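**Student:** The (6S)-5,6,7,8-tetrahydrofolate binding site feature in Swiss-Prot is assigned to Leu117, Gly121, His122, Leu123. Under the heading site 'Plays an important role in substrate specificity', Swiss-Prot lists His225. The feature N6-(pyridoxal phosphate)lysine is assigned by Swiss-Prot to Lys226.
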Amino acid sequence: MRYLPEVDPEIYEAIKSEEYREEYHLELIASENFVSRAVLEAQGSVLTNKYAEGYPGKRYYGGCLYVDKVEDIARERVKAIYGAEHANVQPHSGSQANMAVYFVVLNPGDRVLGMNLAHGGHLTHGSPVNFSGKLYNFYFYGVDKNTEMINYDSVWNLAKELKPKLIVAGASAYPRIIDFEKFAQIAEDVGAYFMVDMAHIAGLVAAGLHPSPVPYAHFVTSTTHKTLRGPRGGFILCKKEFAKEIDKAVFPGIQGGPLMHVIAAKAVAFKEAMSPEFKEYQKQIVLNAKAMAEELIKLGYRLVSGGTDNHLMLVDLRDKGITGKEAEKALEEAGITVNKNAIPFDPQPPTITSGIRIGTPALTTRGMKEDEMRYIARLIHEVLSNFKDERVKEKVKKEVEELCKQFPIYRKEN
């Protein structure tokens, strides 16, 4: 950085501190990842200067020749990755993408069936504190109490009873494969629209490691970060018949000017996602998650649903004498970043929780593999078994720093 230290030393110091945290801490938050230098460069480019309300070839401002090219490239790439008929890459976030779909198919008060947030869903799938729960009449399906997996017969029975206008599938904390074909059959049976929020698994879907929702859903939304390893942002895929309505819902419906520098960064991430290396990376994410899950089970931890099929796992801490909130704090003090997370049928409030969510995308980006995952699982166990012992946390923190030195993120490129 050449100019920031002089112009704004406070922000410069905060950024440098965050760089250090990312380099020397173990990032296990399932929704986080490390973008490439190319993505960072695109997002920090002069495209941030350009206003471009509208769509390529139909802008409300002049001077859009080059940003049109950028957006066209991004749209074509993401359509190619997922085999979609239409794509909108303008949503600023996954929440905005979901809002746009809701605005297309729903009126205030319409019935929607989505996954319970407490069972692994997402705020925008009908939480009463979110716009989705305030505007629409959401009902919820969850996981089976015994298997802790989605029971599709129960979903079908709920759908038959409620006759929702829209069914939403997708999750933020569900460690198993989701059967989108079954959901589509349920939606068809009750005459509902079907939307999938694949934000967490978009990278796995791109690599063919999770069944794609695109052939089955009327609408698919996603973020571009998480497993897709792009900038923070969103996109929508849909059938051609909904293309005009979706585009109108995004602009002028819920957004004004698109963030062209972010769309450029999305395009770069999409190109990276089309490479053979990306597929291998996604395979390793899953291998790493399975290795860590197996090691945690060996160490005596109960995982929700008994394991994982994807990039994340939920650890039930109820028999360990520690809450999710306490675990998150203790691990952070030892240089390991996770997030407290509700488990299905959690007796604790969402601000405390009985579990933690662990994900492997970011550490896999660093080049870590199964052996490192097993080692990290043991470090997690050491901290959680002694979460009030400052000496243990300090010891683990040093071990974490030594491990991080072997797998640099951006230091090797400086």
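Keep in mind that glycine also has a Cβ here, set from the backbone N, Cα and C atoms.
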**Student:** List the same-chain residues at least 6 positions away in sequence whose Cβ sits under 8 Å from the Cβ of Gly121 ((6S)-5,6,7,8-tetrahydrofolate binding site), in sequence order, or say none.
**Tutor:** Gly114, Met115, Phe140, Gly170, Ala171, Ser172
**Student:** Nearest by CA distance to the residue listed as 'N6-(pyridoxal phosphate)lysine': which of the binding-site residues is it, out of Leu117, His122, Leu123?
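**Tutor:** When the Cα distances are compared, His122 comes out closest.
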**Student:** Let me know the DSSP-derived helix, strand or coil state of Lys226 (N6-(pyridoxal phosphate)lysine), please.
**Tutor:** helix
**Student:** What is the set of residues, excluding Leu117, Gly121, His122, Leu123, whose C-beta falls within 8 angstroms of the centroid of the C-beta atoms at the (6S)-5,6,7,8-tetrahydrofolate site?
**Tutor:** Gly114, Met115, Asn116, Thr124, His125, Gly126, Ser127, Asn130, Ala171, Ser172
**Student:** Cα of Leu117 ((6S)-5,6,7,8-tetrahydrofolate binding site) to Cα of His225 (site 'Plays an important role in substrate specificity'): how many Å, rounded?
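**Tutor:** On Cα coordinates alone, these residues lie 20 Å apart.
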**Student:** Give me the long-range Cβ neighbours of His122 ((6S)-5,6,7,8-tetrahydrofolate binding site): same chain, 6+ apart, Cβ under 8 Å, in sequence order.
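**Tutor:** Those within reach of His122 ((6S)-5,6,7,8-tetrahydrofolate binding site), by Cβ under 8 Å and sequence separation of 6 or more, are Met115, Gly170, Ala171, Ser172, Asp197, Ala199.
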**Student:** Provide the number of Cβ atoms within 10 Å of the Cβ of His225 (site 'Plays an important role in substrate specificity'), excluding the reference atom itself.
**Tutor:** 26
**Student:** Could you round the CA separation between Leu123 ((6S)-5,6,7,8-tetrahydrofolate binding site) and His225 (site 'Plays an important role in substrate specificity') to a whole angstrom and send it over?
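**Tutor:** So the Cα of His225 (site 'Plays an important role in substrate specificity') lies 17 Å away from that of Leu123 ((6S)-5,6,7,8-tetrahydrofolate binding site).
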**Student:** Which number gives the other C-beta atoms within 10 angstroms of the C-beta of Leu123 ((6S)-5,6,7,8-tetrahydrofolate binding site), all protein chains shown included?
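**Tutor:** Summing over all protein chains shown, Leu123 ((6S)-5,6,7,8-tetrahydrofolate binding site) has 16 other Cβ atoms within 10 Å.
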**Student:** For the recorded positions listed here (Leu117, Lys226), tell me which residue's CB has the most neighbouring CB atoms inside 10 Å.
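**Tutor:** That would be Lys226, with the highest Cβ count within 10 Å.
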